[in-house]
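*Asks:* One structure, pasted below without further comment.
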Amino acid sequence: MPTPCPPACLSTPGTHRLLPFPDWKAPSWESRKEATCNSSSPGPWAEPTVQGYHPTRRLRAWGGLAGGATFMVIWFFWLWGSAPGSAPVPQSTLTILIWHWPFTNRPPELPGDTCTRYGMASCRLSANRSLLASADAVVFHHRELQTRQSLLPLDQRPHGQPWVWASMESPSNTHGLHRFRGIFNWVLSYRRDSDIFVPYGRLEPLSGPTSPLPAKSRMAAWVISNFQERQQRAKLYRQLAPHLQVDVFGRASGRPLCANCLLPTLARYRFYLAFENSQHRDYITEKFWRNALAAGAVPVALGPPRATYEAFVPPDAFVHVDDFSSARELAVFLVSMNESRYRGFFAWRDRLRVRLLGDWRERFCTICARYPYLPRSQVYEDLESWFQA
């Protein structure tokens, strides 16, 4: 909890800014016991007097009064400015320019209150490239840079303007980073050490009643659109299939699910194979957050180490493949699980709920929340090495 700010300072994020006057002490005329004018023993350093008049003492008294009055005036204005109902200090609106909207040539409507909907005021998103010279930050999504569908306006870049590299893909599916040495100042990604950290989801405190757990009629499900035998998830599925009933959906299986069908379908399953397409640092996607937790199925996680998942969810909210020595051992554990043990995986639902963070507008609005705290002089000289680590 931040240290309370005393009346002699103004609170700013992460620091205290002193007002332009020294620390106040009690005036000398309050703290000093005055000597009488007709003292019979003035002492060797007594002030010269004329008929009981002490000029130096009188000046000191007036100086103390003036200092005290100055302090009271400044303190009054400080209290008046911070009183309830007083006019707030206006904050300038930040403009975040999205150079190319992710995965589309048609950006969504971006009204002025877009970021207000996500709890961030004084923040404006725009896809209008004519604002390049005045934007407070410019965001470049990597996929369009990778395919050269979008090019960097290096010759038009205003001096000192922060540029943001954005990507929610894994390093295995991110190429061409060597072309961007010494260009970007900040990174927006799912990595926890990113300048703008935007996970695919998170758990938040539950504000209403707990929703009932959907009835289960099937064992395990998996939605896969891009099946490649060389991937670890494909190999693990091949090893599990002889021991575990897995219903496979998605384009790769010829059984695609419509957007409105996805969660109701997966809710009927006890387990969901939340297998990431590649295993990288902090790479936990909608497969875990949406297809499993939000649908009401227990995630069977293949991705980063268990400790990474436990940074986001309780340790008893999921099954991790690393906890088992073989696919067969994992399958036996899932099939033989009794009802009491199974329901224990949902204990978190009594106090928490899933918040999905898949909207790019919300992700970009997060830049404004982080903006005051990010170093302007920072540059990623070797973005590829950082992201591939």
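Keep in mind that glycine also has a Cβ here, set from the backbone N, Cα and C atoms.
Note that the structure is predicted; figures quoted are calculated from it, not measured.
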*Asks:* Have a look at N38, N338 and find the one that Swiss-Prot tags as N-linked glycosylation site.
*Replies:* N338
*Asks:* Across the topological domain 'Lumenal' (79-389), what does the pLDDT come to on average, as a whole number?
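*Replies:* Here the predicted model's pLDDT, averaged over the topological domain 'Lumenal' (79-389), is 95.
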*Asks:* Just the number: how many Å between the Cα atoms of N338 (N-linked glycosylation site) and C368 (disulfide bond)?
*Replies:* 48
*Asks:* Going by DSSP, give the three-state secondary structure for C123 (disulfide bond).
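*Replies:* Looking at the DSSP assignment, C123 (disulfide bond) belongs to a strand.
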*Asks:* By CA distance, which of the disulfide-bonded residues (C258, C261, C365) lies nearest to C123 (disulfide bond)?
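*Replies:* Minimum Cα distance from C123 (disulfide bond) across C258, C261, C365 lands on C365.
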*Asks:* Return the count of C-beta atoms lying within 10 angstroms of the C-beta of C115 (disulfide bond), excluding that atom itself.
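*Replies:* Its Cβ has 25 other Cβ atoms within 10 Å.
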*Asks:* When a 10 Å sphere is centred on the Cβ of C365 (disulfide bond), how many other Cβ atoms does it contain?
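*Replies:* The Cβ of C365 (disulfide bond) has 23 Cβ neighbours within 10 Å.
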*Asks:* Using the alpha carbons only, what distance in Å do you get between N128 (N-linked glycosylation site) and C115 (disulfide bond) once rounded?
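*Replies:* Their Cα atoms are separated by 17 Å.
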